[in-house]
Each structure stands twice: as C-alpha cells, then as structure tokens.
C-alpha cells in the first residue's frame, strides 16, 4: 500500500502536528494568502492558510459555537452583529441561528476565501450565505471599522494568527475602530490563540483593549486541532456585568433562543471565564 502524503503545520518551529492527506481538493495562492483544503479520514475536510490549520469539519463547531453564543447570549438582545473575517461561513451559520438578530454584516478581506469555502466547505456555511439578514463586504477589517457609519451590538473578530494579513486585526487601530462602531453595552470578542504557547498574544491584546474598554478579559475552550491546551478568546465591553451573569440567567436566555448545540451550554458559558493561574498571573498588573 502506498504511503499517504502528509501535511505538516508550520505554526511552531520546534514541534507541531501533521495530517495524512487523503485527497487535495483545492490549493492555490491568492493575492493575500496560500490556501489549501484537503481531506483527512479523522477530521474530514481541513482548511489551512499559510501553513496553519484554520478549520476542520470535525471540530469547527466548538470554536464557532463559543465565539458566537457566548457574546450573543451574554448581551441578551443583540440586533446588529458584525463578523470580521469568517469567510468559511461557519460563524455566520451560528449567528443566523439567533432569530432576534436583525442584520449580520461580514467583512472579509479576500473574496477568494468566500468563494472556495462555499464550494469546498459547504457544511460550514450550511446555506447561511442565503440568509436575508446577511451582507458581505469585501474590505480590510481595520478600514471598515474606522470608516463605517453602521453600529453594532456584537463584534466577532474571526481573525487568523497575528502574522501576515491577520496581523492588522490585533492592532490598536483595529480595537479603537471596533470601539467606535460598537453600540453602548456592546461586546467585542476575538480569537486569541492557545495561551500556553501564545501567551504574549493574550498579554498584548489585553493591554491594547484596556485602552478602549473598561472590562477586558478572556474566556476559553479546548479545540483539538488548535493544539497545546485551551484556546483563549478576548472579551471586551464597557458593561462589566455581562461577564458575570449567573448560569440561571444564561439558561433562561438559552432556552428562549431554542438553540441546540453540540458543545456550548449555559454551564460551559459561565465556566469558560475561569482561567488558569498562569494566565491570570501574566495578565495581572506588574509592580512598577
């Protein structure tokens, strides 16, 4: 039997993960990124950008449920949602499940990501691109949040790691723009990497976000193909009560929403804000 080709992730220099490649479905360099989608027997279809896994069919639900339902149910009455990135459509899929949301704007820098994901990762968007509340904007995320006249109740930054095109979505200019177009009491969330291996990202995001929001923190989830421990999600708002809502309040909102999830539930919601001590220590104010 011929040995299967292997694809090795290049996120870290000293160690990493690999996938057996059963079939390459798509591989092309766009103006912005090197995109590949291949099939793997364990994780289904896998998409990688610039040598780093972005999503797999097997475990994407964890990431997208936590990035979406935590801020939307904590907010309680979000009407207008902005997604930065998210070209695979799975974040949009989860937002559309909230029937009280009236408009969903998605800003994606690369139209190529959207078009090939619609073709090669159809389970991710699950038809959500056809939702009448949805509007796609092809633009740089930093430019959009600093120029738009729209305002939003929840902003979800589905960014890549802070290298290459994704680097701008970890800058003060981006965070300031998000604060600018966020309604009072609104919530901003963003993926912030695996904190055991990318702790400096969390520290840097916390420091920058604290210039613009009065309540800044993180919540977490364990996602198998984002290896190295828990993944952290940045959380920023000017309403500090939203991070400390009781499980009972979240439970009531969850039941009213009619959501059926595979990972998220109200107990997971409240527990997700409990962070390991090493991260708490890293984020604590340093003595002068």
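Including glycine, each Cβ sits where the backbone N, Cα and C put it.
Pulled from Swiss-Prot, these are the features on record:
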DOMAIN    9-238  domain 'PABS'
BINDING   33, 108, 140, 141, 165  S-methyl-5'-thioadenosine binding site
BINDING   64, 88, 158, 159, 160, 161  spermidine binding site
ACT_SITE  158  active site, proton acceptor
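Under the three-state DSSP scheme, residue 64 (spermidine binding site) falls in the helix class. Counting other Cβ atoms within 10 Å of each Cβ, the binding-site residues 88, 108, 140, 158 show the lowest value at 140. In sequence order, 90, 91, 93, 94 constitute the residues six or more apart from residue 64 (spermidine binding site) in its chain with CB-CB distances below 8 Å. When the binding-site residues 33, 141, 159 are scored by other C-beta atoms within 10 Å, 141 scores highest. Of all the binding-site residues in the list 33, 108, 140, 141, the shortest Cα-Cα distance to residue 88 (spermidine binding site) is found for 108. When pLDDT is averaged over the domain 'PABS' (9-238), the result is 93. When secondary structure is read from DSSP and collapsed to three states, residue 88 (spermidine binding site) falls in the coil class.
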